[in-house]
Amino acid sequence: MSSVSLRSSPLRTPKMKKEETFLGKLGGTLARKKKAREVTDLQEEGKNAINSPMSPALADLHPEDTLLEENEERTMIDPTSKEDPKFKELVKVLIDWINDVLVEDRIIVKQLEEDLFDGQVLQKLLETLAGCKLNVAEVTQSEIGQKQKLQTVLEAVQELLRPHGWALPWTVDAIHGKNLVAILHLLVSLATHFRAPIRLPEHVSVQVVVVRKREGLLHSSHVTEELTTTTEQMMGRFERDAFDTLFDHAPDKLTLVKKSLITFVNKHLNKLNLEVTELETQFADGVYLVLLMGLLEDYFVPLHNFYLTPDSFDQKVHNVSFAFELMLDGGLQKPKARPEDVVSLDLKSTLRVLYNLFNKYKNAE
């Protein structure tokens, strides 16, 4: 029997190709690094292009925002504007105000665009502020039903604001489309009209990115949108009175009015050994207003009802608000000024309050 021994043949190493030599490998490595660097640079370039202030629209576009018809336009707030502290404050103040107004309805708003777009919260807000009842369905799930409700709510708002000559920078489609700029314009107008007991931050503006589709391509541009002006301008949009005229056209007569009011208030405050020399500052904490009402109506105001030495903005607002309540109890009309304006050293607001007292009590001994 013959045996066959199997021997494994040694593996032959194939001849190294040119590119597998040391220099070839080095060249290939360098080429790959160069290509990787080019890819990284390209990615960085793309990232910079997206985050660049020149093209913020691309960074903040939702997929549905790109589905535009030819010549259709869509707007959104520049992401950098959303980070502005004054813009954030405006949004927070308005959300807190809505929640305070609707606390009895157990409605809590957390995000304006998501909570107000369907008209449900706006309906409750307007009904509470205006003391009315709108003829709309309570719950609407369909888009058509939501827009019908919005239409009814915004028509009611229009009836309130149009007599004052205001342009209304919002539409049903804008509100339902969760356009935050339109929603903020609406809320600022409502807060101003109903003299909300809040302090809106002044001079709040945002950069709005306008995206339009032309010839199949998206084009963006920037527009500055003013959301608030000064407190005086916002509150004065709806009514002007003699003090507006005095401030604007007769500063000399304004000085006489201030002197007359100082004489009037000191005639009564002197009974408590108190004296006023500066109307705009000495009534700002509400203490003198409360004491003055007690003197004018001839009663003692219990000290636990107000802060005799207020040390915060809220405590001062409490004092002025309490003084306003005493004025209503005394038969005066509700002051046109807001407590926050008096506390913020707004002279015109303070003069309006004191002039109402002067008119009623000027002959009181």
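Quick reminder: no glycine exception, Cβ is built from N, Cα and C everywhere.
Automated prediction, rather than curation, is the source of TrEMBL annotations.
Bear in mind that the values here come from a model prediction, so they are computed numbers and not experimental data.
Feature annotations, reproduced from TrEMBL:
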- 88-195: domain 'Calponin-homology (CH)' (DOMAIN)
- 255-362: domain 'Calponin-homology (CH)' (DOMAIN)
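The average pLDDT computed for the domain 'Calponin-homology (CH)' (88-195) is 87.
Each residue in the domain 'Calponin-homology (CH)' (255-362) gets a DSSP state, and the totals come to 73 helix, 0 strand, 35 coil. Per-class residue totals from DSSP over the domain 'Calponin-homology (CH)' (88-195), listed helix then strand then coil: 74 helix, 0 strand, 34 coil.
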